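Straight from TrEMBL, the features:
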REPEAT    169-203  repeat 'PPR'
REPEAT    204-238  repeat 'PPR'
REPEAT    271-305  repeat 'PPR'
REPEAT    306-340  repeat 'PPR'
REPEAT    341-375  repeat 'PPR'
REPEAT    452-486  repeat 'PPR'
REPEAT    487-521  repeat 'PPR'
REPEAT    557-591  repeat 'PPR'
REPEAT    608-642  repeat 'PPR'
REPEAT    643-677  repeat 'PPR'
REPEAT    713-747  repeat 'PPR'
REPEAT    889-923  repeat 'PPR'
Amino acid sequence: MIRRHAAAATALRAYLRRACSSHAADSNDQLLGLVEVPKPRPGSRLSTKDFAFLKEPTPPIPAAALTPPEAVLISKAIRAYATDFDGSAERFLRRHRDFLTDAVVVAVLRSVRAPELCVKFFLWAERQVGYSHTSACYDALAEVLSFEDRARTAERLLREIGEDDREVLGRLLNVLVRKCCRHGAWAEALEELGRLKDFGYRPSGATYNALVQVLATAGQVDMGFRVQKEMSESGFCMDKFTIGCFAQALCKKGRYSDALDMIQREDFKLDTVLCTQMISGLMEASLFDEAVSFLHRMRCNSCIPNIVTYRTLLSGFLKKKQLGWCKRIINMMMKEGCNPNPSLFNSLVHSYCNARDYTYAYKLLKRMSSCSCPPGYVVYNIFIGSICGGEELPDPELLALAEKVYEEMLASNCVLNKVNTANFARCLCGVEKFDKAFQIIKVMMKKGFVPDTSTYSKVITFLCQAMKVEKAFLLFQEMKNVGVKPDVYTYTILIDSFCKAGLIEQAQNWFDEMRSVGCSPNVVTYTALLHAYLKAKQLPQASEFFHRMVDAGCLPNAITYSALIDGLCKAGEIQKACEVYAKLIGTSGSVESEFYFEGEHTDTIAPNVVTYGALVDGLCKAHKVVDAHELLDAMLSTGCEPNHIIYDALIDGFCKVGKIDNAQEVFLRMTKCGYLPTVHTYTSLIDAMFKDKRLDLAMKVLSQMLEGSCTPNVVTYTAMIDGLCGIGESEKALKLLSMMKQKGCSPNVVTYTALIDGLGKSGKVDIGLQLFTQMSTQGCAPNYVTYRVLINHCCAAGLLDEAHSLLSEMKQTYWPKYLQGYSFAVQGFSRKFIASLGLLEEMESHGTVPIAPVYGLLIDNFSKAGRLEKALELHKEMMEVSPSLNITSKVAYASLIQALCLASHLEEAFGLYSEMVRKGVVPELSVFVCLIKGLVKVNKWNEALQLCYSICHEGVKWQGNNSFDGG
């Protein structure tokens, strides 16, 4: 019977090979007939010398970037003699006064941090002959004296400074005012201004300018006029930048005539820059006719609009969705030789595509080349994704336009991302352009596109729903002309392919159909569906199907049990897999298993190398490598020789748990048995050694790999790049990336993402941004993880505008709309790497909207930077993307309310609080504290007391805390 089943399995495999005639694809391939035999890569043969740079010593950190040694010495002495500054500390300082510079003073202040000690040191330094404090020193002292919540600086310390040196105190008070202005805290800045006057000092011109600027930015134009009047009475004039800010703020309020009067009073002449700022304000106020009239007024005043003027107008109209005006402005600016930049072109194409004006969008795309900014990855994905991204098929004319743009994209060496590739192929299949659809997938695969379950689901689902069964055979190329009534093997091929694509329900339909027409399924048919149910973690259905198989008289064989064990392992049911194995070898005793059938034939079924391989692999992936290693000895005792797949799984398992020595033992055992290590074997070892920071050992394995004529692949290079980044050697990782390209190995999205993450952790976010731009121009499409990594690092580095631009780009290329879970977003990345980004926790609370945490991150950072208008705009967008409240939206609410209270925007803060309550969310206690502090800050004591009273007497149930009932 075993021979008969083996013969049937062999016949099925032969039939599959004939069905895919032109491509000898592996039986595990999910898209048979599409994967071509890899061609030898161009480039010279690799040798150990190519990797010699990895052994080079890391260059030392530049001296300018280090803290001066004198500052370290002085800081330690000040802290050591803290109680005797006037005696021991000053004697020590006098011995080192020759080293006194502004850099040393700044470094000491930032190191000591204690306000009283810093003030004493600051005053001592100012008294030294030949030295005078610079603005950097005053800024450093102001930073030390300020509190995190921007409370008023301790009066006692300021008075001590004044008693010692009134000039120093005056300069310091001016610095404190300007510091509040830089942080956007206009209310605190006015308080500091009052204190400056209380001490008998006059604000400087720079201080007045800073105050007017912060008031203008905050929209407090009436207060700005009062400060400007006082400034004028003190004999100071606003500088050009301040006038521009103030004029823009007035225009934003619709008071452009007041802006012109103010400019005239200040005796300033209108120029292009000032007019552009006023136009920007008018656009934000949606005063479109006035903005265009002002553009004509510029020309009358001999102010020629420049490229910034036109881009300001265009961006404003685009933001307000005034696409008709956009066309007029584009024509005007291009006649005068001014062109939109690539980012603006992308946004324009995106807007016109959303408006279904594809003709004009295509004109813009073609015009990009003549404007010295050729179309790139983003705009091509916007255009094709917009046409093919809908649920319904596009019109034939639109699809033809998408095909035309696709050919232009290939000529520009750009690529489609995963979502748009699948949608484009699905639309082509819908109009029976199967060859073209398959060709697109093949071309994208050559450029690094990795097909996944989503890709197959869209294409195969459409074929099954819209065509006859013969059409589905086009996935297997040479089977499309079979033209015969399907038999058991034909149905089995269909069922197997649908299962591998994750379409279990459709596979079940084919199964039911074959039985209804009198075609009895065989053991291979049952095994294919059974394995699919287990891989999908649908254990009840799998158990039921197994018993249906037995009841139908189709008895499981060794292949079935091997598939059972493999499927249970992939479903995470290692214990059940071990129970099936124990039943097979007769060591289970009385333990029952729902996936085992007791019969006469079971004595003849013994685990084979495939069975052992599935269980070893499952145990290793579950980090039970000791049990897996014992299984290796068990199979040898039964006379079953392990193959290279089992050895590779064991080596990889030991490497994943950090047991490199055990992995090397298995490696030696493998070579003694005559198996040549594969690129996968070497990659597992090299990856583990890099992660363990054993670079010398990794180099030895790499040398052995090259001596064995085993060429590193993209996974090997990626492991080395990730390992180098992990030990802070990002420069060497960049060199390795360059070398792998020279050797003909194209980096994939995982390679680029790992390197971008390493550069970000090394503080080289600018280089990471350059690499991000480079990857899309070199034929590699970024995915969700790439964007998320770069946005994280941009936020950490304070590059908030760049982070927001990346979020916009991610939305425009249709990631969030069609990405129905993290499983596709993180494909190809290791679990450890995903965990390091904090994405594993987000997968639980944001399974279907992975973009929500990105919004939360940006909202938090914009709020902390005082850019509340942008934070509120992002919050509004986030609620449109993810209307249901989750941990991200709750944190975003709290962050926004806190920032609004600090900026005295209580009306908006209470508006957000009301929105939370309406959605049934109990705010955290910290939210109420912020609201109460905000009310107190603006002297609304009654309202603050009412809010306190409501909290105390309504028995609020805090999340994670006990109820607060007034105790």
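One-based numbering along the chain as shown.
Even glycines carry a Cβ here, placed using N, Cα and C.
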Next item on the list: Give the residue counts of the repeat 'PPR' (169-203) per reduced DSSP state, in the order helix, strand, coil.
Entry: 27 helix, 0 strand, 8 coil
Item checked: Interface check, the repeat 'PPR' (889-923) with the repeat 'PPR' (487-521), three or more C-beta pairs under 8 A -> no
Next item on the list: Provide the three-state DSSP residue tally for the repeat 'PPR' (713-747): helix first, then strand, then coil.
Entry: 26 helix, 0 strand, 9 coil
Note to self: Would you say the repeat 'PPR' (713-747) and the repeat 'PPR' (608-642) are touching, if the rule is that at least three C-beta pairs must lie under 8 angstroms and be 6 or more residues apart?
What the structure shows: no
Check: Taking a Cβ cut-off under 8 Å, which residues six or more beyond the ends of the repeat 'PPR' (341-375) line up next to it in the same chain?
Finding: 311, 314-315, 318, 321, 323, 326-327, 330, 334, 382-383, 386-387, 398, 401, 405, 408-409, 412, 414, 805, 808-809, 812
Next item on the list: For the repeat 'PPR' (889-923), provide the mean pLDDT of the predicted model.
Entry: 77
Next item on the list: Using a Cβ-Cβ cut-off of under 8 Å, list the residues of the same chain that are 6+ residues beyond the ends of the repeat 'PPR' (713-747) and lie near it.
Entry: 41-44, 46, 50, 53-54, 56, 58-59, 447-448, 679-680, 682-683, 686-687, 689-691, 693, 695, 698, 754-755, 757-759, 761-762, 764, 767, 775, 778-780, 833
Next item on the list: Taking helix as H, G and I and strand as E and B in DSSP, count the residues of the repeat 'PPR' (557-591) in helix, strand and coil.
Entry: 25 helix, 0 strand, 10 coil
